[in-house]
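Peer 1: Mind having a look at this structure? Questions to follow.
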Amino acid sequence: MGSMTVFRLIFLVMFLGWLMIWVILPTKLYKNAWTPKLNGKLNSTYFEGQGTNLLLFSFPVMFIAAFGCVYLHLQKKLRKPNSRSVVTSNRLSFLRRPALVMAPLGIVTAMELAFVAMFIALLIWSLANYLYVSFGHLHMHKQGEKVWQAKFRSVSLRLGYIGNICWAFLFFPVTRGSSILPLVGLTSESSIKYHIWLGHLSMILFAAHTVGFIIYWAMTNQMALMLEWSKTYVSNVAGEIATVLALAMWVTSSYRIRREMFEVFFYTHQLYILYVVFYVLHVGAAYFCMILPGIFLFIVDRYLRFLQSQRRARLDSARLLPCGSIELTFSKSPGLYYNPTSILFVNVPSISKLQWHPFTITSSCNLEQDKLSVVVKRLGSWSQKLYRQISSSVDRLEVSVEGPYGPTSSHFLRHELLVLVSGGSGITPFISIIREIIVESTKQNCQVPRVLLVCAFKNSADLAILDLLLPVNGTPSNIPQMQLQIEAYITREGELPTEDNLKLLQTIWFKSNQLDSPINASLGNNNWLWLGAIIVSSFVMFLLILGIVTRYYIYPFDHSTGDTYHYSYYVLWDMFLLCACIFIASSAVFLFRKKEHAMEGKQIQNLEVPAPTTSPGSWFQNANRELESQPHQSLVQVTKVHFGARPDLKRILFDCKASDVGVLACGPRKMRHEIAEICSSGLADNLHFESISFNW
């Protein structure tokens, strides 16, 4: 048994044990038998009422997160590039097939549907057991209170408990640099939908919890409790403030607002900081420890992203395409490795100091070791302003970045045939895939999949984006060797415009600045090991200082003064120490690694290389003439353009005769759903679907 297998077994045991605690938590067994024993042994003078939950709910996940970093580091070192031995994953491929395609939920695989069903079952089980135990020992909070009123209050309270279970998972999907997600084959981009689902579910539960208590207070003439900030119990005011903040975030996070008024969604969602503070003040320290791992890891990731964003990225050039898209090319450290379909978050302070936008990386770190490129489609107000700034002949543009973030492996290489279907700017993730396959096809004894790229554009000017299949500095003429076929569809034009109407591609070079630095991982090449060190050191520091504060400050206050320490102060201490320990550990490691970044930055030189000045539209117009370079000629030879037509996706996919066909779709939601339905129809067992969507 290999060391990696041992790691996986340990993680599985810890995770299943953690889940079993959640299953047992609402039962009479846990309340009557386990709780007295655990509290007697774990709720010492150092942790008081938090000891049990710290051990049962916080420690397992923090253990997995810390040692998961070691596992991912070893996996990165031991991984055999481009291995196609994936028999096990192919046997289980039916679990990754789309099982449900619905507009509100999106594309849900069989595996996701199974986990959703189990999670819903956990919530129902928990609510049923909470109510069973509660109804057996009803407490009358007011003289003259009726039994049904007490049961109504109990139901409202337990709905809040169930919402807290959702909160235990809520922050994992949005922790971009998480070590948890890669362990289960996920990225933060692909799991954003889980955050959305959990957000909707928790808001429904918390809204019912809040409304239920307001109704209860009204029925029992206790409306004054709405304004109570209790010294010995939960704060009702804090809960009401948290609910108002959550409602504002919930309303503005609808799909239409995210798509049409992104700024409204973005700025309102920053209220999450206040929401977390007041939510934790409402639930108290003990319940905070139950949801602590997700919040802890999110703060670590968020602070590291903040530190990385303080460096200005070195922007070398920008290519303005005739279709209105912009390719930004940055310098990067040669040691920075990322996989195709990774994304980079970009901030341009001259446009907005707060807005960060994710863009697909189109470059291949194996093909361009010191360059990193992203494509920006000119759609919203932010990208319009960026286009105007760059086209106004600026000699330097200040840019900050976060990332890259993406998958930990090039899983698409396992297929025999790769069908890439895109609509509009959805082609950008596939550019990095094709560039990566171009590199792999030059290696000896390396099998790469055949590639069929099906791309649909509105206008012929959008064909210019195919130019990005080749990097700025060109590429070896090996496109025929990698067996690439491109089927391009122009939906709104019947023929290619005349040569006089074709726009030229424009390349703009920026001046370098000593304050700018190449893009690098926030913690350097051994990013996973340093992240694990931060998680361990900050969590241990948090436990030590919390124990000292509780034992030598809070405990004497409770037992010597005769007064009760304020209920909310426990939580304030927890949040303060949590943030302080994370900031200290992360800053120390980041500053230590900063010296290495500075040395690498001095070694990297800006290389100005010639770039093509025409667009692919002219290549297709002059396909019979001698073209400017062999790579571009090869690209034209494998491309077929269909004017005034849309791709017949069903025919294209069913005509794929390979035994293992990977189907990747990126573009409009309607197109992705159509492809998912075709692949899940059961009419072609060789189709393995994957959706790439960056729509928030």
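Quick reminder: no glycine exception, Cβ is built from N, Cα and C everywhere.
Keep in mind that TrEMBL annotations are predicted by a computer and have not been checked by a curator.
It should be emphasised that the depicted structure is a prediction, and the values quoted were computed from it without experimental measurement.
Annotation comment: TrEMBL describes 7-25, 54-74, 117-135, 155-174, 194-220, 232-252, 272-300, 528-555, 567-592 as transmembrane segment. Feature annotation from TrEMBL assigns domain 'FAD-binding FR-type' to 308-411.
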Peer 1: Using a Cβ cut-off of under 8 Å, list the residues of the same chain at least 6 residues beyond the transmembrane segment (7-25) that approach it.
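Peer 2: Distant Cβ neighbours of the transmembrane segment (7-25) are 34, 56-57, 60-61, 63-64, 67-68, 70-71, 74, 122, 125-126, 165, 168, 183.
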Peer 1: I'd like the per-state residue tally for the domain 'FAD-binding FR-type' (308-411) from DSSP, helix first, then strand, then coil.
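Peer 2: Split by secondary structure, the domain 'FAD-binding FR-type' (308-411) comes out as 14 helix, 37 strand, 53 coil.
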Peer 1: Any chance the transmembrane segment (528-555) and the transmembrane segment (54-74) are in contact, meaning at least three CB pairs closer than 8 A with a sequence separation of 6+?
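Peer 2: Yes, since the transmembrane segment (528-555) and the transmembrane segment (54-74) share at least 3 Cβ pairs closer than 8 Å, they count as touching.
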Peer 1: Residues sitting near the transmembrane segment (194-220): Cβ under 8 Å, six or more positions beyond its termini, same chain?
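Peer 2: Residues 105, 116, 142, 145, 149, 152-153, 155-157, 159-160, 162-163, 166-167, 169-174, 226, 236, 239-240, 243, 246-247, 250, 253.
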